[in-house]
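Taken straight from TrEMBL:
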- C:1-10: compositional bias 'Low complexity' (COMPBIAS)
- C:1-22: region 'Disordered' (REGION)
- C:29-53: transmembrane segment (TRANSMEM)
- C:73-99: transmembrane segment (TRANSMEM)
- C:73-274: domain 'ABC transmembrane type-1' (DOMAIN)
- C:111-132: transmembrane segment (TRANSMEM)
- C:152-173: transmembrane segment (TRANSMEM)
- C:202-222: transmembrane segment (TRANSMEM)
- C:257-276: transmembrane segment (TRANSMEM)
Amino acid sequence: MTLHARLVVTRPAFTLDITLEVAPGEVVALLGPNGAGKTTALRALAGLLALSEGEIVLDGRPLHTLPAEHRPIGMVFQDYLLFPHLSALDNVAFGPRCQGASRAEARRTAAELLERVGLAAHAAARPRQLSGGQAQRVALARALAVRPRLLLLDEPLAALDAHTRLEIRSRLRRHLADFDGATVLVTHDPLDAMVLADRLIVIEHGAIVQQGAPGEVARRPRTDYVARLVGLNLYRGLGDGARIKVGELAFSTVEQVEGPAFVAFSPAAVALYRTRPDGSPRNLWRARIDGIERHGDNVRVHLEGPITAVADITPAAVAELDLAPGREVWASLKAAETHAYPA
Amino acid sequence: MSRRLSRWATALAAVLALAGVTACGSGRPAASASPSAPASGAKEVTVFAAASLTGTFTELGKAFEAANPGTTVRFNFGSSATLAQQIVQGAPADVFAAASPATMKTVTDAGLASAPATFVRNRLQIAVPAGNPAGVDELKDLADPKVKVALCAPQVPCGAAAVKALEAAGLKVTPVTLEQDVKATLTKVELGEVDAALVYTTDVIASGGEVRGIAFPEAGQAVNDYPIAALAKAPAGDLAGRFVDLVLSQRGKDVLIKAGFEAP
Amino acid sequence: MSGSQGSRPAPGGGAGAARTGGREVSGRLPWMLVAPAVLGLAFLVLPLAGLLIRAPWSTLLQRLAEPQVLEALRLSLVSATVATAACLLLGVPLAWLLARVEFPGRRLVRALVTVPLVLPPVVGGVALLLVLGRRGLVGQWLEATFGVTLPFTTAGVIVAEAFVAMPFLVISVEGALRAADRRFEEAAATLGASRWTVFRRVTLPLIMPGVVAGAVLCWARALGEFGATITFAGNFPGTTQTMPLAVYLALETEPEAAIVLSLVLLAVSVAILAGLRDRWVAAP
């Protein structure tokens, strides 16, 4: 393990307490809602925030006793914080200069890095002359210029518009793949996390609620927050080997679980009927429509009843069934479309 | 709409009032600050007097108020030259008592007063700090370059007198500073920043023992006459003349001589 | 700051038809602001007009050539500039301390910094004498140890001016420091910059407009300083008589000469400040 950290930060009405392990070359994303403590964790790793308790060990050396300027880290801030009075080149050269490189040497390093992020032509530009995507790349180059062993990225794509984001995301992925140190990035965007990270750590209320490979987390969410992020309906119930009881409903599932279990299914797997369907699918319940909203090309229907669920159906189906808030409907779900795993 | 207008009117009035204060209240309805408010029984005399008269005139003002019940004497003490400028620029004064004939001349030349009377004279002394660190005994000691000397600037009466006295003694003195008035000169002695200064006898007495005065014969060549005059356009009318009379009376002389002035 | 706003067409000014339909709200001048603004400007400028009207233009050049005037002007410019430099050297770190370091009694210290603003300058001069004068607490020691006395010297003028002018610099720089985004300093720290490097290479450039504004205020205040200077440093042509002192004494006997001297001081300072401003605005 190149990075091992236990981060405890105590504040009035909030405590962050998480343990992190990051391998060399691994990218770990801290994912969580606003106020969960992701940025606090990142700032603690950077040394911008004192730990109340815990330790940070990088390559066997304790880091938590060092001030920020002595930690072998590179950090990309959410709005980049490029120094407005310096050119892109001098922004990137700032770190090497602080590490004792001569001006010429630092500029040479900086020029190489700008070249690598494809901005050699903009070396002389001031930050305010750069586009959002360019500024992000300069910020990345600046962080990499100090040859960090630990790279920290705070919402690296949040300040970009949707179009730029797509391009920068894939570029960033390539750069992170080239980086041989440990990387911790913070985001609240599941897509960024899935694309950029090798492993996700989900934080809620200052504690880790789930971690694992992105695909694993997406398929088997363990909290409502994660389920919402990855767009699944999620319930906690009790399995008896054949079915899983959630409240008064008993779900038939393909996987068999005994004891506490999660049931997850996609909103698209839910079918709605005005009258009780014939042939009685295995999972059927009566629900009341709480709200209807547009969701991409489909329509998302919020259902109340024995369970709270969302269903995605086509606009044509909405018209055909004459669905409206307050209506009673039947909701059904094939066993093959559900996913059950131990809680 | 009308409410907005009235708010504007209030604001405008406030601004005008401010402007009025700086313009000495000319063309403004009689307010409390105006020195000429003879409508009721209360009367005011405004006296512009040289700063060196602060103590004595304050005492005489009280005596005047006691002798003329219902009257108030208001003083504006300052540098004689400044006071003369203020009077020429239209300040509402009744009486002007100057520390030099030259400053009085500014006012008489402007036709604002006539026939000023010399009511006292003031003589220079050498003032030395307590302990007399430089061992100054007579005027020629001031010419020693090791002795730090403060003089009044030649533009103000005490400075002009100092120049005259030093000329009479045939001495060349290089002061470290030319102070803007006699009080500032005296302060430098009191704080021990200089070893000696030329100031008025009255200032030495007023300092209450903090500095020591040394009389010197050449001071007789540079005696300063203090003229006083009731102003021609005195808003207080004949009260102005009565105040001048008090200053020139035996009572006035007693107060002034006690403070170190000399009878003319 | 670019000054190019004036070239923007006024709303509704292009097409004549736009006038009949309701004009844009933003196009109307807010009289609630404009009226007091004009009044305020008049209040500030009219006394200057008074000086200009009363100035004896015919003798102006002749007076300007008087060696005493030139000497006082030179002394004023030199001492105000050196005082400003001293204020920068001491005031910027002080502002940094007030803005960035938490220590007990910081509010009190901040209030103390403004004391010279509130103190009548003459009192400030006396206070300086009590501390730095020949018999003052520190002055006594200075004389005994180094043989240095400040009163009645040009150094004394600089001390008096710096004392009165420094709060302008400190307040301006402290405001700039508080307004500056501290996260730039954090970014610099993550790049390995020591606190001194952060200050020198990040903080200082970021607050430079505030420092310049403070220095200009400080210089202007020092240039016009009268009370503390004449009290602490005295008044002697060539060593301590600055323009304001010359003006004051001229006022005693020759008010016209005083007006000329004031105008000279005014013209020189306005010329210098305008020149500086152009330079700073033109800077990239």
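Counting begins at 1 with the first residue displayed.
Cβ atoms are placed via backbone N, Cα and C, with glycine included.
When each of the listed stretches C:29-53, C:111-132, C:202-222, C:257-276 is scored by C-beta pairs under 8 angstroms to the transmembrane segment (C:152-173), C:202-222 comes out highest. Beyond the ends of the transmembrane segment (C:202-222), by six or more residues, the same chain brings 79-81, 83-84, 87-88, 91-92, 96, 161-162, 164-166, 168-173, 175-177, 179-181, 184-185, 187-188, 193, 269, 273, 276, 280 to within a C-beta distance below 8 angstroms of the stretch.
The largest share of C-beta pairs under 8 angstroms with the transmembrane segment (C:29-53) comes from C:257-276, of the ranges C:73-99, C:111-132, C:257-276. Long-range neighbours of the transmembrane segment (C:73-99) within the same chain, counting only residues 6 or more positions beyond its ends whose Cβ lies under 8 Å from a Cβ of the stretch, are 106, 109-110, 113, 154, 157-158, 161-162, 165-166, 169-171, 173-174, 177-178, 199, 203-204, 211, 214-215, 218-219, 222-223, 225, 238-244, 264-265, 268, 272.
Beyond the ends of the transmembrane segment (C:257-276), by six or more residues, the same chain brings 48, 51-52, 54-56, 59-60, 63-64, 69, 72-73, 76-77, 212, 216, 220, 223-224, 243-244, 246-248, 250-251 to within a C-beta distance below 8 angstroms of the stretch.
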